[in-house]
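Notes for the one structure printed next.
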Amino acid sequence: MRVSYGDRPVPSMLGEHADLDEAWLKDGWLPLFARWLLDATEYVASDGGRITEPNAMVLGTVDAAGVPATRTVLCKGVDERGIVFFTNYESAKAQHLSANPAASATFPWIPLARQVHFRGAVEKISSEETLAYWRTRSRGSQVGAWASRQSQPLGSRDELLAAAEDVRERFHDLDELPVPPFWGGYRIRPFVVEFWQGGQDRLHNRIRCEPKDGTCQVSRVQP
Ligand SMILES: Cc1cc2nc3c(=O)[nH]c(=O)nc-3n(C[C@H](O)[C@H](O)[C@H](O)COP(=O)(O)O)c2cc1C
C-alpha cells in the first residue's frame, strides 16, 4: 500500500524503503498524526485483513506509589489541544491520574510498521464535551457505563448482568440516559509526540515533536 502526505509519497510498509521526514512535522504533530490514523483506518493487507480498532492506544499511568500501569483505551477525539479518551472517573486509571495527572499513550500500528507515542499532562474534559460524546453511544453502551463500577471487585458475572438490568429498569421511561456522574473524558495535552516508522535493517526513523507556545520543536532520535 502506498499513501501520501502532502505532495510526498509515503512508502508505508517496512521493507519498502520506509521514510519519515522532519518536514512532515512543519505544521506540528496534528496533521501527520491525523494522516497516519486515517492510513491505519483504511489499511487493507494483501489477504484482506485490516487493523482492528485503529484508534486503540495503550495508555500508561503511574499510581500514587510510583508504579506504572498500562491498558488499552480508544481514542475518541483529536485536535490541536491533544487526544481524548473516555472512562470511569473512579477506575484505577482515574485514581492514578488524580495522584499523577500525566500519561503516555501509544498507538501500535504494527502492519504499517508505525507507532506514535504521546506523553503529556492529563485533564478532565468539560461536561459539555462528555455529553456530546455520550449522546453518540448506543443505549447498550450507556447502560454498561452505568452498571460497571470499573476496576472494583465483582463477585460474579451474574452480579454485573443484574446491575445492568437494574439500570435498564431505573431508566426505562427515559428516551435518553443521563451521563453517569462517575464517567467522562480525559484529554492528554502532549508535551512530546514521537513518530516511529520502521526501516530496513532496524535503521528506523524516529522524529520527535515538542509542542510549545503554538510551535513545535522537531528533532530526530536514534532508533
Ligand atoms: C480494544 C480495547 C478498547 C478499550 N477501550 C476502553 C475505553 O475506551 N475506555 C475504558 O475505560 N476502557 C477501555 N478498555 C478496557 C481497559 O483496557 C481497562 O480494562 C479498563 O479501562 C480498566 O482499566 P483500569 O482498571 O486500569 O482503570 C478497552 C479494552 C480494549 C481491549
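Each Cβ is built from the backbone N, Cα and C atoms, and glycine gets one as well.
Site annotation for substrate in TrEMBL covers Tyr133, Arg137, Ser141, Arg202, Leu203, His204, and the matching candidate from Lys76, Lys93 is Lys76.
Checked against ligand 1, the binding-site residues Arg71, Val73, Lys76, Lys93, Tyr133, Ser141 give Arg71, Val73, Lys93 in sequence order as having a Cβ less than 6 Å away from one of its atoms. Distance between Cα atoms for Tyr133 (substrate binding site) and Phe86 (FMN binding site): 9 Å, as a whole number.
Highest Cβ count within 10 Å among the binding-site residues Val73, Cys75, Leu203: Cys75. Fewest Cβ neighbours within 10 Å among the binding-site residues Phe86, Tyr133, Trp196: that distinction goes to Tyr133. Counting only residues at least six positions away in the same chain, the Cβ atoms of Val58, Leu59, Lys93 sit under 8 Å from the Cβ of Arg71 (FMN binding site).
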